[in-house]
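Trainee: A single structure is presented below for examination.
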Amino acid sequence: MITAPARGRRPSRLDVFLSLSVTAAGLVESYGRRGGSPGEIGSPHLFAAGTLAAGALLLVRNRFPITALLVLIAVGEAVVQLSPGTAYYAAWHLYSMLILAHTIAAAYDLRSRHGIAGLGCVIGAYIFLQTLEITDVPEMLITAIFLGVAYGSGILLRRQTAQTTRLAALTARLEAEREERARRAVAEERARIARDLHDVISHNVSVMTLHAGGVRMMLGEEATRERELLQVVEQAGREAVGELALMLGMLREVEDSEGSRPGLDRLGDLVAQMEESGVDVTLTIAGSRRAVPSDVDLAAYRVVQESLTNVLKHAGASRVELTVTYAPGQVTVELTDDGAGPATAGHAGGFGQIGMRERVTLHGGTLTTGAAPGGGYRVLACFPSATAAG
């Protein structure tokens, strides 16, 4: 099967192979039949020129597939008109048109303008191929089947390529989320251990320091040496508590610093990742950007991240509308896709949506999910933002 088109500047090895193959077959046809049936082919030199033109057009099939097919039809018509007595279309016409029909179907979705234009060109190519054999019904059916198979295989290849891209992006995203969860679990456990160590050891050391101070105060002035030793113990205890707090603080999660935590200002990265996965995301910012509490900023970002992940996992959507609205005392994120809707597994429930709801509720917000009025699925999260970030 011909691979999916890659919009590069230089022809691929496959393009060169197809071009040389069609050119060779066309030249053999042009000059090989000259002696056997001169009345069928007209001028072999014109047919050979058309063959060379077809080969050149196949070299640019990935960059300009529709244009290449239109030019090929024009070249074929010119060859036929300049070759009186031609009784059949050349094989290079058919071979080249089949390849270009496949390329167009693999490159453009029928829901796009280019896809509709490409289908029109394929139909035009079929009409051209029948101009010389309008009375040969079996030949017309065979040609229609060939073009239909070529175009249909292009559609299947485009869908397979899009699905492969989507799955690769989803795999990468899930792996990143798994690593993030593992890192977060380790960080939370380290923080818990740090708190426990700080509470237990600091308490006991503080008690020992207080007792040492109490004993020092009870000793008489004549016990100078003993009082000095106890004062050293007190000082060492206070320093130990301070150093312990400093050391255990280093065990806390690095992302607790404000600069390293993701927030709404990094939604552009999520949008770019989704578009690489084949999903068109439109990001709209409504209202004036304003500072929101850091925990709310992070929670809103995570809701968007989880919702976009659900789109990749379950919705089968090709377009997502993402709107962030800043209002006095409130920030709202809304996602609407054109996918299958709430009947899918991912939208119906699961840990992802439960986690989103718990995250939103934790910050005093509300989460609304369900079918969108115009079809697809909608996620709406509202967070209070009365407290200034910082």
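The count begins at 1 with the first shown residue.
Using the three backbone atoms N, Cα and C, a Cβ is placed for every residue, glycine included.
Bear in mind that TrEMBL entries carry predicted annotations, made automatically and left uncurated.
So TrEMBL says this about it:
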DOMAIN    299-385  domain 'Histidine kinase/HSP90-like ATPase'
TRANSMEM  66-83  transmembrane segment
TRANSMEM  89-108  transmembrane segment
TRANSMEM  115-134  transmembrane segment
TRANSMEM  140-157  transmembrane segment
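Give me the local environment of each listed feature.
Mentor: When averaged over the domain 'Histidine kinase/HSP90-like ATPase' (299-385), pLDDT in the model lands at 81.
Proximity of distant same-chain residues to the transmembrane segment (115-134), defined by a Cβ-Cβ separation under 8 Å and at least 6 residues beyond the stretch ends, is recorded for 65-66, 69-70, 72-73, 76-77, 80, 86-89, 93-94, 97, 100-101, 104-105, 107-109, 140, 143-144, 147, 151.
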Trainee: Using DSSP, what is the helix/strand/coil residue split across the domain 'Histidine kinase/HSP90-like ATPase' (299-385)?
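Mentor: With helix first, then strand, then coil, the domain 'Histidine kinase/HSP90-like ATPase' (299-385) has 33 helix, 31 strand, 23 coil.
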